[in-house]
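Student: TrEMBL lists these features:
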COMPBIAS  1-12  compositional bias 'Basic and acidic residues'
DOMAIN    32-554  domain 'Major facilitator superfamily (MFS) profile'
REGION    1-23  region 'Disordered'
TRANSMEM  33-50  transmembrane segment
TRANSMEM  70-93  transmembrane segment
TRANSMEM  105-125  transmembrane segment
TRANSMEM  131-151  transmembrane segment
TRANSMEM  163-187  transmembrane segment
TRANSMEM  216-238  transmembrane segment
TRANSMEM  322-344  transmembrane segment
TRANSMEM  388-409  transmembrane segment
TRANSMEM  421-440  transmembrane segment
TRANSMEM  452-471  transmembrane segment
Amino acid sequence: MMENTRNQDHVESVGPTESQIPTFKNLPNKDQLFILALSRFVDFFQQAALQTFMVHQLQSFDPSLSQATIAYQAGILQGSFTAAQIITSIIWGRVADHPAFGRKTVLNIGLIGTGIGCAGLGFSSNFQQAVAWRLLTGAINGTVGSARTLVAECIPKPWHSRAFLFFPVAFNFANVAGPVFTSLLIYPYTNMSSLFGPHSLLGGDDGLTWMRQYPFALANLLSTALLFTEAVLVHSGLHETLKAKQPMNMVVFSPFQVARTCYKLLTTRFKMGDRHASSVVHQNEGLLANSDDHDENEVQSSHAKLDGVTPRMSFFQIWTPNLIWTLLSIAIFDFHLGAFANLWTLFLAGPRLSNADFVNEERSQGRNASLHWRTDVTRSSGLGFSPILIGNSMAILGFVGGALQLLLYPSVTQRFGLLRCFRWSLPLFPVAYFLTPFLSSIPSRDAPPASASGLLVWAGISSVLVLQVSARTFTMPAAIILLNNASPHPSVLGTVHGLGSADSAAFRTLGPMIAAYWYGVSVEKGIGQLAWWLVAVIAAIGCIISHRVRNGSGHEILLPEDIELEPPPALQRTRH
């Protein structure tokens, strides 16, 4: 406990001198940041892995299901994870602030619980079991908020813009490693028969029958192993940053005491209101602030004066127009990001249809099979990719995103500004979504029903992904920063971030589900582009709304207690 406190005090005292410009080279506490970046990597890894084999695992539960039903189930399975987080994310945030638990404990609980959930998903034998495991996994996963808080508290503010860049980089690397490695571990009983099949090195005479019965278990167990390994690393190498953290007395530890503590924690939340937010303003303010170092230090100094006064803002006062527009913009952004992730997997795994297949499909639906006015894009046709090919295509997302994140993002945002990059990048989303269904009409080297192949096919896939990833590279970090700066007062910054987390989780849940429904309708009606173009329309609306969003100061409303003190110079310039 004393060691952690000394370490934190040392970190907080570190700041850039006049001659020291914050860079990646002089970034403090690199070991702590490395552990936290790995925690995000393994969490993103299990999500990217699921997207790789999700459609094929659902088909293995019941091969007789139609493509529309599979699309519907895929939306439910993907949305169930974030649906549970809508409810539990705020609770885990409160637990992380409690002295009996702390940020490190919540992070470890999330890692271990997610690992158990991945194993349960791998050994699921039907759709209901799979959804139940994803719901439980999402409910126990509080890694996002705890990891962000740990970074904010162990890295001095002048280095925040560089420290938080490691999270999207981890996301992109996970999008490369997850699909590639897990696609190799699917159906190991047949694909790696020399190791696990009959008369094999590890399988013996009959082979490993559990791999034959659960062909997706090994891929999920890889995610479990990575999550458990990271949990050990967090336990042994990560420092707790909560100042008030108290060691648990394991001698008197009991489930009844834990239940009593949790009950008091939840009931105290509603009694305290926003008083808690003002007490932790030092921990959270300027988390991703988009101001220069001089203004940031002045704001921090002014807030230090405010501690003695403890100004508070009620929940009903925080709803400024800028906050509402920012939350609405984030909602649309997360909606079509979640929709794309689901539609992309369904489109890649969807069967390719020849002209004869299309005629039979039209006639079976009671429609006139008129081919002369229809092209491949109007059919309910996918690319017919296997899990390995899906993994390769998703790896392109990670390669492109990682390169752009490291090479372009810092210099471009510094030159053009945060808000301009946010607005200029958003139009790339509807363009990418509009063009995606045309990939099925690109001439392929192999005829249907074989998977689409050839240089032109992969060039088209890469072009669409470059558009989507380029937009995501600039808008994803900017959305978090704009939300942070949209807070009307430092005392409600925690509340604003809680609203943003619930907002994102809700629409990342709705996006896959609604898009899956649209895709099912597209398949039934034989109009393959319908779902994609509806998502493109939603993304276009987000482009329009972004022009109502502005980059706030984080302190736009003065309370009576604030008026008694001299406002920070940065705030004065903002009001003028």
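Cβ coordinates come from backbone N, Cα and C, glycine included.
Are these features on the surface or tucked inside, and what are their neighbours?
Tutor: The average pLDDT computed over the domain 'Major facilitator superfamily (MFS) profile' (32-554) stands at 79.
Listed as Cβ neighbours of the transmembrane segment (105-125) (distance under 8 Å, sequence separation of 6 or more from its ends, same chain) are residues 39, 42-43, 46, 50, 61, 92, 95-96, 133-134, 136-137, 140-143, 145-147, 150, 214, 216-221, 223-225, 227-228, 230-231, 234-235, 238.
Sequence-distant contacts of the transmembrane segment (131-151) (same chain, at least 6 residues past either end, Cβ-Cβ under 8 Å): 32-33, 36, 39-40, 43, 76-77, 80-85, 87-89, 92-93, 95-96, 103-104, 106-107, 109-111, 113-114, 116-118, 120-121, 124, 160, 163-164, 167, 238, 241, 283-284, 287, 501.
Sequence-distant contacts of the transmembrane segment (322-344) (same chain, six or more residues past either end, CB-CB distance under 8 Å): 51, 74-75, 78-79, 82, 394, 426, 429, 433, 436, 468, 472, 475, 479, 482-483, 486-488, 496, 499-500, 503-504, 506-512, 514-516, 519, 531-532, 535, 538-539, 541-542, 545-546, 548-550, 552, 556.
Long-range contacts of the transmembrane segment (388-409) within its own chain (CB-CB distance under 8 A, at least 6 residues past either end) are made by residues 48, 51-53, 165, 168-169, 171-180, 182-184, 344-345, 348-349, 451, 461-462, 465-466, 468-470, 472-474, 477.
Same-chain residues lying 6 or more positions outside the transmembrane segment (421-440) and placing a CB less than 8 Å from one of its CB atoms are 333, 336, 340, 343-344, 347, 352, 376-377, 379, 381-383, 412-413, 452, 457, 460-461, 463-465, 467-468, 470-471, 473-475, 478-479, 482, 528-529, 532-533, 535-537, 539-540, 542-543, 546-547, 549.
A Cβ distance under 8 Å defines the sequence-distant neighbours of the transmembrane segment (452-471), meaning residues of its chain 6+ beyond its ends; these are 340, 352, 383-385, 393, 396-397, 400-401, 404, 425-429, 431-433, 435-436, 438-440, 442-446.
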